[in-house]
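The block underneath contains the structure these notes are about, expressed in structure tokens.
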Amino acid sequence: MTTKDTNGALRCSFCGKGQKEVKKLIAGPGVYICDECIDLCNDIIDEEKERETAVKGTFKVPKPSDIKTYLDDYVIGQTQAKKTLAVAVHNHYKRVNAMSGGKKSADVEMQKSNILLIGPTGSGKTLLAQTIAKVLNVPFAMADATTLTEAGYVGEDVENVVLNLLQASDYDVEKAQKGVIYVDEIDKISRKSENPSITRDVSGEGVQQALLKILEGTVANLPPKGGRKHPQQEFIQVDTTNILFIVGGAFVGLDKIIEQRTTNKTMGIAADIRTSEEVEKSANLLSKVEPDDLSKFGLIPEFIGRLPAIAVLAPLDEEALLDILVRPKNAITKQYQKLFSFEGVELKFTEKALRAVAQMALKRKTGARGLRGVLETAMLDVMYDIPSKNNVKEVVIDENVINEGAQPMLVYKTDEEIRAEEEEAKKKSSA
């Protein structure tokens, strides 16, 4: 490509753009390259480096303490669950690094440590899984176990879970093969009875059977655009051996199974006295969960065996919900304050208002998930009105707004403040 046009103006030797069409044109021996082509080259090199790193498995694995510290920034409480998760994730990706680049150990075969999260709705299961993917900078996909069925039946194929991860990786197979998949509502696919079923259970035990292979590690043949498979189409092959699977559920009633096991150890009158005097809370009982309890709940033994790391999340109390409102980096109140700041308005919450939000969410029994719903309802009118008003500088939410649906207090700008803003706007437009 020529480096000059008919008028003698210099051009990029690669894309052909003139020097007036680009910000910079850098000269070399007989050639020129523009800033846009340099950026493109850097992007290509960076992508290639990332791909090589993914293939070699040389990415740095954070220490368990570092993973927990990162989780602390986004998830309130659940200390024991965070530790369990941090150790399991650290060991999983150490194993991934060891298996990559021909480092397989001849004498010791390291198996996968997929993770089971047990906890009530809104206790932070999904957020923990999402945050783990963020700290590791790996692709993340989420699926709902209740929508899954065995292949060939109406519903979503189990392999579509892996397809979601591939799509989240922009169809980069190497990236996808080191990603994280979270399957929610796993307790809803428990089999109907503790004994093996003689009839077809396509959305319960059948889904557990179908999940076994991808949990342990298999090569999944995925249709590029999703949907049902047909013989004529080409498939993308994804190896699930190094994908970390985190599954979670509320497991309502599991505490009763554990209580029955732990209290039946003593027989006769003493057992009744002990049961009435020392009944433990649901969260404490769940922390004593054993594989046999999960089997009685309805998970098949083979499925339980693929989930060696179990983390139990406690229900959130009022104080924990209060912390969730204000403490995390992405706290809900901070998100709303950011939204209001786009309109030049400062949003404030009184201490009593925050407590009222926590109490209302607690009554709804939806955990942290209920906090946003309470605030959305309480602030609907003010969020509707504020963009149409240019003279409001502050909005104060008190407990009456939350409990009684009262209007929040609005603080208006003075005439001097409005004039100063108008003058500042004129200066910016003239500049």
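One-based numbering along the chain as shown.
Each residue, glycine too, has its Cβ placed from N, Cα and C.
Feature list (source: Swiss-Prot):
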- Cys12, Cys15, Cys34, Cys37: Zn(2+) binding site (BINDING)
- Pro120, Thr121, Gly122, Ser123, Gly124, Lys125, Thr126, Leu127: ATP binding site (BINDING)
- 1-53: domain 'ClpX-type ZB' (DOMAIN)
Cβ packing number for Gly122 (ATP binding site), 10 Å threshold: 23
Distance [Cα-Cα, Å, rounded] between Thr121 (ATP binding site) and Cys37 (Zn(2+) binding site): 50
Local confidence of the prediction over the domain 'ClpX-type ZB' (1-53), expressed as mean pLDDT: 79
Residue from Cys12, Cys15, Cys34, Cys37 whose C-alpha is spatially nearest that of Ser123 (ATP binding site), among the binding-site residues: Cys37
Additional residues surrounding Zn(2+), by Cβ distance to the Cys12, Cys15, Cys34, Cys37 centre under 8 Å: Ser13, Phe14, Gly16, Lys17, Val22, Leu25, Tyr32, Ile33, Asp35, Glu36, Ile38
Residue, out of the binding-site residues Pro120, Gly124, whose Cβ gathers the largest set of other Cβ atoms within 10 Å: Gly124
Distance from Thr126 (ATP binding site) back to Cys15 (Zn(2+) binding site), taken between C-alpha atoms, in Å: 46
